[in-house]
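Enquirer: The structure's right below; bear with me while I get my questions together.
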Amino acid sequence: MSVVLGVLRLPHGRDMRIPIYETEHAAGLDIMAAIPEDKPLNLAPGQRELVSTGLVLEVPAGFEAQVRPRSGLALKHGVTVLNSPGTIDADYRGEVKVLLINLGQVAFEIRRGDRIAQLVVAPVSQVEVVLVETVTDTGRGEGGFGSTGSSA
Ligand SMILES: O=c1ccn([C@H]2C[C@H](O)[C@@H](COP(=O)(O)OP(=O)(O)OP(=O)(O)O)O2)c(=O)[nH]1
Ligand SMILES: [Mg+2]
């Protein structure tokens, strides 16, 4: 059975196309900037901005929607999602927004309808949190952060 993602377009996003998978097995649904046509966003180097998408999602319980960067924007312009991957909780009913940052050297202009990020819908587990006094021994133990060596 397919997983259904409810997508509501807010008034300022009514004319925008709904997110679609661009290829047969794409993981991400591209989402667009729903900013005013006459007010493009000029993202200066180092600047971050919360960008409207005009979308409210109804993510099914047991899933989340992740807001991920588009690799092309990152490679060509140094523009990425600051809090990547952003988390859209299944019970969130506000507008999905994308926190973009320009890590490049030059300003980057975003216009209405530009694809700024992608949504990946993924299953999540809510666990039962149990307070314990000890944890089991393992081979790794406390080793981490490069403890297994730096060579391939
Ligand atoms: O990139 C993002 C990340 C989050 N959200 C929305 C949906 C999410 O369900 C809500 C809360 O996100 P998060 O838990 O990451 O933020 P918080 O700082 O912990 O805020 P809160 O106290 O509201 O949980 O904000 C977005 O629209 N875009
Ligand atoms: Mg939170």
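Each residue, glycine too, has its Cβ placed from N, Cα and C.
Unlike curated entries, TrEMBL annotations are predicted automatically.
So TrEMBL has the following annotated:
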type: BINDING; residues: ARG70, SER71, GLY72, ASN83, THR87, ILE88, ASP89; note: substrate binding site
type: DOMAIN; residues: 16-149; note: domain 'dUTPase-like'
Enquirer: Tell me, how many other CB atoms lie within 10 A of the CB of ILE88 (substrate binding site), whichever protein chain they belong to?
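Expert: ILE88 (substrate binding site): 21 neighbouring Cβ atoms within 10 Å.
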Enquirer: So if I take the binding-site residues (ARG70, SER71, GLY72, THR87) and measure from each Cβ to the nearest atom of ligand 1, which come out below 6 Å?
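Expert: Among the binding-site residues listed, those whose Cβ sits under 6 Å from ligand 1 are THR87.
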Enquirer: Please work out the number of neighbouring Cβ atoms within 10 Å of the Cβ of THR87 (substrate binding site), leaving out its own Cβ.
Expert: 11
Enquirer: Taking only same-chain residues 6+ apart in sequence, whose CB is under 8 Å from that of ASN83 (substrate binding site), what do you get?
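Expert: Set apart from ASN83 (substrate binding site) by at least 6 residues yet with Cβ under 8 Å, we have VAL67, LEU99.
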Enquirer: Output the one of ARG70, SER71, GLY72, ASP89 that, of all these binding-site residues, has the highest number of other Cβ atoms within 10 Å of its Cβ.
Expert: ARG70
Enquirer: Rounding to the nearest whole angstrom, report the longest C-alpha distance spanning ARG70, SER71, GLY72, ASN83, THR87, ILE88, ASP89, listed for substrate.
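Expert: The widest Cα-Cα gap among those binding residues is 26 Å.
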Enquirer: According to DSSP, folded down to helix, strand and coil, what is SER71 (substrate binding site)?
Expert: helix
Enquirer: Please work out the mean pLDDT for the residues of the domain 'dUTPase-like' (16-149).
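Expert: Overall, the domain 'dUTPase-like' (16-149) comes to a mean pLDDT of 97.
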